[in-house]
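A.B. asks: Take a look at the following structure, please.
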Amino acid sequence: MCSQEAFQAQRSQLVGLLVSGSLEGFESILDLLLSWEVLSWEDYEGLRLVGQPLSHLARRLLDTVWNKGTWGCQKLIAAVQEAQDSSQCPELHGCWDPHSLHPAQDLQSHRPAIVRRLYSHVEGVLDLALEQGFISQYECDEIRLPIFTSSQRARRLLDLATVKANGLAAFLLQHVQKLPVSLSLPFEAAACKKYMSKLRTIVAAQSRFLSTYDGAENLCLEDIYTENTLEVRTEVGMAGPLHKSPAALGLEELFSPNGHLNEDADTVLVVGEAGSGKSTLLQQVHLLWATGQDFQEFLFVFPFSCRQLQCVARPLSVMTLLFEHCCWPDVGQQDVFQFLLDHPDRILLTFDGFDEFKFKFTDHERHCSPTDPTSVQTLLFNLLQGNLLKNARKVLTSRPDAVSAFLRKYVRTEFNLKGFSEEGIELYLRKCHREPGVADRLIHLLQTTSALHGLCHLPVFSWMVSKCHQELLLQDGGSPKTTTDMYLLILQHFLRHASLPDSASQGLGPSLLQGRLPTLLRLGQLALWGLGMCCYVFSAQQLQAAQVDPDDISLGFLVQAQGVVPGSTAPLEFLHITFQCFLAAFYLVLSTDVPTASLRYLFNCRRPGSSPLSRLLPRLCVQGSEHKESTVAALLQKTEPHNLQITAAFLAGLLSREHRDLLAACQASERSLLRRRACARWCLARSLHKHFRSIPPAVPGEAKSMHAMPGFLWLIRSLYEMQEERLAQEAVRGLNVEHLKLTFCGVGPAECAALAFVLRHLRRPVALQLDHNSVGDIGVEQLLPCLGACKALYLRDNNISDRGICKLIEHALHCEQLQKLALFNNKLTDGCAHSVAQLLACKQNFLALRLGNNHITAEGAQVLAEGLRDNSSLQFLGFWGNKVGDKGAQALAEALSDHQSLKWLSLVGNNIGSVGAQALASMLEKNVALEELCLEENHLQDAGVCSLAEGLKRNSSLKVLKLSNNCITFVGAEALLQALASNDTILEVWLRGNPFSPEEMEALSHRDSRLLL
């Protein structure tokens, strides 16, 4: 039984059930409710509005049924259950009187069975009804609109019969009875089963090996796949005070019903930096589906690569896209396609690398026909919007910069792929190296080389470390420090393996590089041309035009493109987009065909085509032209900004002093190399100074602050790659701010190393805000060199553990300028308490410590209290969202009783009861400095509040007391009123969220306006 109250309590779950399937499932529930006469015809018409989001219709249905009383609620739950059961094993047999005297009524009573019987025959029935004059041509065309599935067309025919009085209902009742009964579900048809089998085989073959990261051998995905840090994006600012940082998720959470930004959208977005493992994640999804291990709710999975789709020049339809560009049905093409249209909820489409799709997303051109051809970009954009294959799931991967606000409107859930955790790096290396001792030595090398360890949180760098393990373990010099160092190491690895045996033991010396310089320049020219033309997949004709021969290809940087339709000639692509950028930078540094002046376009990150001149420049071919400068400049101007930034950083690294001798031996003119270096230095300094000049003046009374623009981090990265201290000093000379914000900027360990390299030269200390990034423990270690230039450091929501904070504090003890630390929303436990206590005890100029939303218990609070006893400077202490309990509150209260400087204390959401409140009340009686005490979200109850009220009577400093959501009744409020009568200092007492009646709230507010209810 289900009462109306129980029904209302289940409302959110019922909405989830109704919208979790497809529109077909929702309409089958309406069929049942109509046939049981739970819904009237007027109710039904209000629930079948075309174009309305399914969630709106579901809520309207719940409202309609609730108004019909307990019986209606029970019937809806029964209909949901029956619809779920019938989707597994439908009962197609229905019995009705074909010669009924009330045909319209019988059509409604037997509607579910009639819809199922009509499903496979609706086109023939429409033709017959038109021929016999029961419907007009206009009515027939309306029912046959391509946006409707076969079952929806059947329902619309029945709806028409209900309102027409010309015998259509009697005709249908008689004719449908004669139709053959299907003995199985439509997708059990031989054609569909054969197609599903073929599709699984093809997807399994395409996804079993990781060929994109290796030109010499294939790596079995099952053997080396390592979970990446995947977090769901939430709307910042929408969460309450106890909002936790996103938890790391598994692949199975991609289609979870939680965390929806837009529950009516179909598209799941996965964003991550270049090399973070987006393509490999999709490949693992494909493999798990194809081998039957997961994602079996989908009958069909269609993988696509955006870099390959953009090469499709001719118009194509949904059918062409699925069949010609993924998997062709050997038989029954029309039947298979019709099933796909009828069951979109059983389809998953994946689109990898949207950042490599040269067309910018727009929703201006609507295309709703699955059979009419259109351009590839219009087709893709309408699939993502849901105008085509609505309710089919689509997964889109991209680098963050390529995702516009327009596109995010159509995103159901957004995930952030943050790369490997420290444990992930170790696990990956152990999977790659099962020989005794090799993985241990590599892991030890990383742990003792923080710069290299910081790079490896991106899987592409972990792969490089694995690939170059011999070079790393045997080399006498220092380990790679910059991204450029790492790519030169992998270049050395590829060159050695392609060289004669007697040269295989050499490092990347001039002779090894010179021997392959023509090959590298040809590959670099192809890479640059591809970047400028947004071309990442190269045909045989394009390779021939670039004079790239089989010997060049054998070097290993070009591999067969994945996801190629069987039987077609496989085009080639670079191992990874970052390799394409690296080789393009190599060409720009060493080619005699590149004028030095062209390099300035690398550091000017305007959108391609932003000037009239760039739009007038002709499309250029790979071969050189007599206008060399305009050719290179045009390609750089048309390169996507994120690829341009990566290329610029590589160019800066190649022109560093570290690699000067290596490149000078390969460059005919050392003077030319020096000119390029000078040009890059000038461009970097100029771009940074221009950036700093754009900072608006400070608001009167506030510190001058700067929120980094997108290009700022890449300029800093380029400075770091160049490794020139003097240039870093000159660059920050113009930075005159007190607060530097880099929130939500994708700052990882590598970016931390670059920031530290530059910011340590600041003349005036700054407050550095790095909230909502991926700093982690390794990133904290990278930041240590610039800690002396920071007066405040904000690291909210950065996946930092005790180990990282202990290292930070060890260094901070010697940094006189550092006065504030914000560490909330991390993974801190009692294990860091001794270090934090030491910080408080030793730094007598320290002002603010915020440790909210971590995992500190009473034990940690007791240790911290010892540090507080020896501290005389702290003004702000944030502990909200921990688990200190009564014992922890007692320890902190005792330590703060005679503290002379603390003004603000937050213990929100710490499981504090009346015992802890009594200790805090005793503290209030003695403390003469505290101005604000935040105790919301605890369970103080009246006993605890009465104790606090006694403390207030003897307190002369507290101005704000926050007691919201503490189960306080009128008794506790009365005690507070008595205390307020003798306390003129206190200005506000927050009592929101406590169980007061409206009458009590009105009475309390009239008695003292300082009570905020």
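Quick reminder: no glycine exception, Cβ is built from N, Cα and C everywhere.
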A.B. asks: What range among 78-111, 214-247, 452-485 does Swiss-Prot describe as region 'Required for CARD9 binding'?
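C.D. replies: The range carrying the region 'Required for CARD9 binding' annotation in Swiss-Prot is 214-247.
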A.B. asks: Looking at 36-50, 516-530, 651-665, 891-905, which one is motif 'ATG16L1-binding motif' according to Swiss-Prot?
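C.D. replies: When 36-50, 516-530, 651-665, 891-905 are checked in Swiss-Prot, motif 'ATG16L1-binding motif' belongs to 36-50.
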A.B. asks: Using Cβ atoms only, which residues of the same chain lie under 8 Å from K278 (ADP binding site) while being at least 6 residues apart in sequence?
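C.D. replies: K278 (ADP binding site) has long-range Cβ partners V270, V271, G272, D352, G353, T397, S398, L417.
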A.B. asks: Identify all same-chain residues not among G272, E273, A274, G275, S276, G277, K278, S279 whose C-beta atom falls within 8 angstroms of the centroid of the ATP site's C-beta atoms; report them in sequence order.
C.D. replies: R399, L417, G419, L458, P459, V460
A.B. asks: Can you count helix, strand and coil residues in the motif 'ATG16L1-binding motif' (36-50) using DSSP?
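C.D. replies: Across the motif 'ATG16L1-binding motif' (36-50), DSSP assigns the residues as follows: 5 helix, 0 strand, 10 coil.
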A.B. asks: So which of the binding-site residues is most packed in, judged by how many other Cβ atoms lie within 10 Å of its Cβ, out of G272, G275, G277?
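C.D. replies: Neighbour-count leader: G277.
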A.B. asks: Give me the mean pLDDT over the repeat 'LRR 8' (957-978), rounded to a whole number.
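C.D. replies: Across the repeat 'LRR 8' (957-978), the average pLDDT comes out at 95.
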A.B. asks: Looking only at the repeat 'LRR 4' (845-857), how are its residues distributed among DSSP helix, strand and coil?
C.D. replies: 0 helix, 5 strand, 8 coil
A.B. asks: Taking the Cβ of each of the binding-site residues and counting other Cβ atoms inside 10 Å, which one has the highest number: T226, S276, S279, T280?
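C.D. replies: Top count of Cβ atoms within 10 Å goes to S276.
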A.B. asks: What residues in the same chain, six or more past the boundaries of the repeat 'LRR 3' (817-838), come closer than 8 Å to it by Cβ-Cβ distance?
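C.D. replies: For the repeat 'LRR 3' (817-838), the sequence-distant neighbours (Cβ-Cβ under 8 Å, at least 6 residues beyond its ends) are 244-245, 765, 767, 771, 787-802, 805-806, 808-810, 845-857, 859-861, 863-864, 866-868, 876, 878, 880-881.
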